[in-house]
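Encoded as structure tokens, the structure appears first; notes follow it.
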Number of protein chains: 4
Amino acid sequence: MPLTELAVLDRGFVKLVDHMGSDLSVVNAARVSFGKRKEVYDEADGKLIAYLAEHDHTSPFRHTAMTFHVKAPIFVFRQWMKHRISSEFNEISGRYVEFPEDEFFVPETFRRQAKVNKQGSEGTVEGDAGDQAHAIFLETCRSAVAQYKKLIGLGVCREQARCILPLGLYSEVYWTVSLQAAAHFIRLRTDAHAQWEIQQYAHAVRRMVEELYPNALKALLENARP
Amino acid sequence: MPLTELAVLDRGFVKLVDHMGSDLSVVNAARVSFGKRKEVYDEADGKLIAYLAEHDHTSPFRHTAMTFHVKAPIFVFRQWMKHRISSEFNEISGRYVEFPEDEFFVPETFRRQAKVNKQGSEGTVEGDAGDQAHAIFLETCRSAVAQYKKLIGLGVCREQARCILPLGLYSEVYWTVSLQAAAHFIRLRTDAHAQWEIQQYAHAVRRMVEELYPNALKALLENARP
Amino acid sequence: MPLTELAVLDRGFVKLVDHMGSDLSVVNAARVSFGKRKEVYDEADGKLIAYLAEHDHTSPFRHTAMTFHVKAPIFVFRQWMKHRISSEFNEISGRYVEFPEDEFFVPETFRRQAKVNKQGSEGTVEGDAGDQAHAIFLETCRSAVAQYKKLIGLGVCREQARCILPLGLYSEVYWTVSLQAAAHFIRLRTDAHAQWEIQQYAHAVRRMVEELYPNALKALLENARP
Amino acid sequence: MPLTELAVLDRGFVKLVDHMGSDLSVVNAARVSFGKRKEVYDEADGKLIAYLAEHDHTSPFRHTAMTFHVKAPIFVFRQWMKHRISSEFNEISGRYVEFPEDEFFVPETFRRQAKVNKQGSEGTVEGDAGDQAHAIFLETCRSAVAQYKKLIGLGVCREQARCILPLGLYSEVYWTVSLQAAAHFIRLRTDAHAQWEIQQYAHAVRRMVEELYPNALKALLENARP
């Protein structure tokens, strides 16, 4: 049975909603160039897929589609949505929906600011400092949600009240994407330079895509730039 | 059984290769905005679909995909490929493949140049003139293909020899497209101002899309601009 | 002198960084269809532009470009970035940069939740309730920023610490967009159903675009769907 | 004075119509990430540009735009228009315009079909065979145009009559493109595997882009995959 749901972070998930095609779809889209079509995937197709990926002939990989339902913190979606090519997103709206309590991300461990790489992190914040960080983080998010509820209670519209909610708040998204675009997302976001939190989502997506298009995904990832 | 193949013009076709989703996919993509999801399509969903289309909320209609295999004359594909949003194309290559004989489009009737609309046609070229037109058309295309074969025989590469082939030559394409983009293609290309030949393809596509997403397509077409 | 900067909300702005073309560029891109080109814009061009907009021939409007530098709250950018067609964004990164104090949006007046339109607002929260809302809002955002600074002080990396910052935080973006895509943004986001805060940005963008492509923008907005 | 026009093939050209930005635009779009902006391009910017290109941070390269007016044979445009990302095209229409005589491409030399690479060419068709090929090519195109004129004379509409015109016919296009997309076009189409005829256009585009964004283009091309 294919993998259709994986838990990610403390409250998130990636679910496969639907998909179109298989490794064979890539091969058949490519073979239209020389007027051929196959019903069963075989060894020769593996060679063709490898050739396409090596030579940057990416269009056959886009005759595929997957829809995922994802729950992730807003700061993760802000990175995710930079991937716009062959990607469609529909997100839960904070104008319609009142946010429930405790639906924010809390890190299990806090990482230290990296010294050389200005945008990265390294090691962990240990001991007392770590405990303090955890308490501050949790308290600030809880308080923000409580104050948000008070604003709603005072009659303030949801679209304004949400301004005080934290960037770690969970949201939900429908994401429809071609295999090529999914592979690009996986490549960039499983990279060690990506933020650890989005890496966890990228690994989950990778595990699901691997079951659907194993050979095509392998070829795309192997032939990516170093 | 769903409609999976239609003949178009004298030698063309539209075949449905694969698709993802149904009317329900559109509804569920939209409902993620307010955190809901359904398993069965019902009457309320029809209202939601109509509302989305009326208010130009088009993103839910893009969580769908279809792949078609199309055989059409090159001048038709040149119009078709102007539709680039949410569309992927893979085409047979005249660099790889030697074109067979008699694979060009021949009109059954010739239309007269329109007088007011500079880009249109009206009425038909009748009688002797029509017969002459038919003879000229057929002879010119046949001759071009025969001369192409001679060039190939002289050792000329296919990529240069094809320069003398006519724009009415048939080609084949894999086309992957979202429902929204398919509806846009149908709307513009079934319009009376579109060239008659591409209208025939647009009607074929419409008949196939209608079976896959009947309510969503109807809503998109009804709410299009006049 | 053209308008190159407008203040928006309490701390935001829209600045015009660069642009390419004028009404004449639209006309010349359209006239390539019939093999013509002009050096000076005249009355006949106004008719052509109106015709193009009326008949949904939008491609000539995309042979133009503008780059804006925008400072806006994150929740505004989250709506803005749904406009992805012919749009490019580069945003300040909370992984690189430590956020300064007091750089969050504070509404002058709070609007009430609308009763019928679930995603809208109507009227204002007056009197004591309004004062309380203001105090809660300001205090929650200030506190979040203060706690963020504490997390940074404890050695927590910026990419994690920012999770507790509010959605009303200001960010900065470079936005490059074609005239057609800018007109689409203006049309949807100056609409009364758009959130009031993004409407203010859409009006600012409109005033700047109007000076650059007055006739083309007018035609695009007049021929939009009702 | 910048390079604004280059002749290509026997009757084609590439003209620069307009452009937006410079190397500095790329740098400033990137620097918005860490909240900085410069007025003059200096050595440090060269390092930043190299870093961006090396690490596949391509979005800053898209805050630029160029419009070209290109005259090329239809089979060249069919390859060109596969480059759809950040590219806009407007083409002369064979429905509006009656084609003039002798506006088709005639190769100076004919290349031989390659034996190993099925889609390539190698060496030239020499001597008698070459002369015959030239005569066949020229005669077939001339005849097709003459027969096209006869169809028009019989009252046949332009949109049907053009079906017998050859793929080597010249057309004209307005092309608006970002620097990143132009670099991608240059990289793929100056490659030895591209058809020789489109290589000539890609070299012309390269010479013009080099004058507008010398450092940014260099960085993008150097860091391309081998």
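Cβ from N, Cα, C; glycine included.
Remember, TrEMBL labels are computer predictions, not curated facts.
Non-local contacts of D:E91 (FAD binding site) by the CB criterion (under 8 A, 6+ apart in sequence, same chain) comprise D:F77, D:S171, D:E172, D:V173, D:Y174. Residues or ranges marked as FAD binding site by TrEMBL: D:S59, D:E91, D:H184.
DSSP assigns D:E91 (FAD binding site) to a strand in the three-state reduction. TrEMBL lists D:E91, D:I92, D:S93, D:G94, D:R95, D:R162, D:R189 with the feature dUMP binding site.
Secondary structure from DSSP puts D:R189 (dUMP binding site) in a helix. Non-local neighbourhood of D:R189 (dUMP binding site): D:Q79, D:W80, D:I198, D:Q199, D:Y201, D:A202, each in the same chain, at least six residues away, with C-beta under 8 Å from its C-beta. What TrEMBL records for D:R189 is active site, involved in ionization of N3 of dUMP, leading to its activation.
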Given the binding-site residues D:I92, D:G94, D:R95, D:R162, find the one whose Cα is closest in space to the Cα of D:H184 (FAD binding site).
D:I92
How big is the dUMP site in terms of the longest C-alpha to C-alpha distance among D:E91, D:I92, D:S93, D:G94, D:R95, D:R162, D:R189, in angstrom?
29
Other C-beta atoms within 10 angstroms of the C-beta of D:R162 (dUMP binding site) total 23
Out of the binding-site residues D:E91, D:I92, D:G94, D:R162, D:H184, D:R189, ones whose Cβ falls under 8 Å of a chain C Cβ are D:E91, D:I92
For the binding-site residues D:S59, D:I92, D:S93, D:R162, D:R189, which ones lie near chain B, with a CB less than 8 A from one of its CB atoms?
D:S93, D:R162
Nearest-integer angstrom distance between the alpha carbons (Cα) of D:G94 (dUMP binding site) and D:S59 (FAD binding site):
36
What's the number of neighbouring CB atoms sitting within 10 A of the CB on D:G94 (dUMP binding site)?
23
